[in-house]
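K.L.:
Sharing a structure, written as structure tokens. Questions coming.
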Amino acid sequence: PEPGNHTLLTEFVLSGLSSHPELQHLLFFTFCIIYTITIVGNLLIFMVTVHPTLCMPMYFFLRVLSFLDISTASTVVPKMLLNFLSEDRSISYAGCAAQLYCVVFLAATEWYLLAAMAYDRYVAICNPLRYATIMNRRVCLALVLLSCCSGNIVSVVQTAWVFTLAFCGPKKINYFFCDIPPLIMLSCTDTSVYEKQIITATALVIFTPFCLILVSYACIISSILKISSAEGRRKTFSTCSSHLIVVSLYCGSGALIYLRPRASYSQDTKKVLALIYTTVIPTLNPLIYSLRNKEVKGVLIKIIADLRK
């Protein structure tokens, strides 16, 4: 049909995770618990890493990562929880655009930050004598600001591009938040050019930092193999393994969703992949970084002991 015959949408309706009414309350309580763990866990990491004994750049980046995780979960989960208990699952056009901007901005910023964290580990392991000089406060702040600026550019471009498309119905988004793949499927215009653009943008956003991370860890592994003692190699690698776990989860889920925006796999599969980077990773990050880090656990135990007193 011609664009002139279309009724422009002023709101969308989110279908949520499941259409089965009997599962809504169970899903509400499940994700309410997950969201609580996410907030409490990341707040604990934030509080622990401001301790004077944890003044290294690694913990500064970890604080920023915790803030991004709280923000990502808070952008998606509260609306999802509300929809579990309400029959009105509508979201305004402006609200949908704002949610999309925030999700893309936070996801892209976190991905660039993970690359900055890999560089920090490279300098700490491969240039330990110059670590304090190279990774000074100004450099750390510059890397965080660069991550935020890059994420903002990516998000502004992608959000503006998506919402220049004509949406003419149906208005139901088969998803639990406003994201690029389900939105472009609602467009009544030809999206082939945009799909190529999103694939190109995703390749740049994911694989450019990923290549930097790979190079950093190639150098790190080379340095680790030169350490004579097995215990020394184990301790050095343990500081990097947590970061590698997060990178693998983040890269895998993001690539599968955005490199194939109209992929043949089911919408339920896409929802699970989206849950990984919007809900699961923000919940796991505090556990991954605290349980595998003796310094963080030590300070956390000390803080708990002080609170008991």
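Every residue, even glycine, has its Cβ placed from backbone N, Cα and C.
Per TrEMBL, the features are:
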DOMAIN    41-289  domain 'G-protein coupled receptors family 1 profile'
TRANSMEM  26-48  transmembrane segment
TRANSMEM  60-78  transmembrane segment
TRANSMEM  98-119  transmembrane segment
TRANSMEM  139-163  transmembrane segment
TRANSMEM  198-225  transmembrane segment
TRANSMEM  237-260  transmembrane segment
TRANSMEM  272-291  transmembrane segment
K.L.:
For the domain 'G-protein coupled receptors family 1 profile' (41-289), report the average pLDDT of the model, please.
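P.N.:
It averages 85.
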K.L.:
Using a cut-off of under 8 Å between C-beta atoms, tell me which stretch among 98-119, 198-225, 272-291 contacts the transmembrane segment (60-78) the most.
P.N.:
98-119
K.L.:
Apart from its near flanks, which chain residues at least 6 from the ends of the transmembrane segment (198-225) lie with a Cβ under 8 angstroms of it?
P.N.:
108, 111-112, 114-115, 118-119, 121-122, 125-126, 154, 157-158, 180, 184, 233, 236-237, 240, 244, 247, 251, 254-255, 258-261
